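A.B. asks: Quick paste of what Swiss-Prot says about this protein:
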| type | residues | note |
| --- | --- | --- |
| REGION | 185-206 | region 'Leucine-zipper' |
| SITE | C380 | site 'Important for enzyme activity' |
| MOD_RES | S418 | phosphoserine |
Amino acid sequence: MEKERETLQVWKKRVEQELDRVIAFWMEHSHDQEHGGFFTCLGRDGKVYDHLKYVWLQGRQVWMYCRLYRSFERFRRVELLDAARAGGEFLLRYARVAPPGKKCAFVLTRDGRPVKVQRTIFSECFYTMAMNELWKVTGEVRYQSEAIEMMDQIIHWVREDPAGLGRPQLSGALATEPMAVPMMLLSLVEQLGEEDEELTNMYAELGDWCVHRILQHVQRDGQVVLENVSEDGKELPGCLGRHQNPGHTLEAGWFLLQYALRKGDPKLRMHIIDKFLLLPFHSGWDPEHGGLFYFQDADGLCPTQLEWNMKLWWPHSEAMIAFLMGYSDSGDPALLHLFYKVAEYTFRQFRDPEYGEWFGYLNQEGKVALTIKGGPFKGCFHVPRCLAMCEQILGALLQRLEPAPLDSSPAVSTHEGSK
């Protein structure tokens, strides 16, 4: 017990210090003081190499800053909140391509002019998360109104009519459900319903629907989790159907664990740990060099994606959260061992002790392939979210291990104590 406490304390300290360094990097290098919002195309030393702004990453950074401000005393700093507010106002002014329409751009110029639109829901989802979190820290109702209105639009696109996304309906295209869509909606249900009974009730059926859809990605009698299935939950033919993303499955795992904990469903929790934590880890971990493969093929064939055998920052971040949350819930020491294994690899290979933050892209052997710290797909999100959540879970675990205080008060009978 004492050794376990010491190891947890060491990791809590490491995680805490790393979170401070990561946030310091983004606060120093990413803020656009002229137009608001954030630069995410940052080199190893934080130098901006492109001024384009990616709406989903803008929303993620606003959310991250607000969540830190709200959750940690040491981050309750005016400059953090001011930057989050400036990012939120930038999104309010420029994210939507043709207001009052809700479709958001994917890429904006530095001063907010639209460059590119994606035919997906993800810019809108992170816009929603940003607005809701801004409301939680500022109390300004206009942010919450934006979040609820955008959430309604996203639900309409996903469950009723996707025409507004602009995707052409082609006769040869398979009707496909990527796991990312119900995952993202489940994350929004968790975000909006947090400490809000009215919204929890409003989105309860949606949350159940999302979980049902995610669980349909467990295929072949529970032997694999596939990234894409048909709309009725069947395996698809070809490379698309065999495609696996271990990191995404692990991220879905902790999303599902949060849901199962809220529901008080121990059977579901065990199913999630087995299929969404242990299964993707054992199939996705590189036995020779360590680290999680980015993509895999369910039949063991060579994936067609050029980056399939690379090691990326975010799957390892999500694995750290998943295994620590799984251990916190189940007490299974095997899950704590896997957390340590992933965390050791991640801290050793991804973090940059010289300039701060983490490298995002390693080759299979674990050597840095791209020296950039941010780009179109890597911003201030997966790394700090991982570190913040792990710090909180480690803190809660250590509290559980604290010896009970000596109580000198007289004993109370069970009957009296229950009154």
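Including glycine, each Cβ sits where the backbone N, Cα and C put it.
How about a rundown of where these features are and what they're close to?
C.D. replies: Away from its own ends, the region 'Leucine-zipper' (185-206) comes close to residues 125, 128-129, 132-133, 147-148, 151, 154-155, 158, 214, 255-256, 258-259 of its chain (Cβ-Cβ under 8 Å, at least six residues beyond either end).
Around C380 (site 'Important for enzyme activity'), the same-chain residues at least 6 positions away in sequence with a Cβ under 8 Å from its Cβ are V22, I23, W26, S30, F38, T40, L57, R60, Q61, M64, Y65, G374.
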A.B. asks: For the region 'Leucine-zipper' (185-206), give the DSSP counts of helix residues, strand residues and coil residues.
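C.D. replies: Secondary-structure breakdown of the region 'Leucine-zipper' (185-206): 18 helix, 0 strand, 4 coil.
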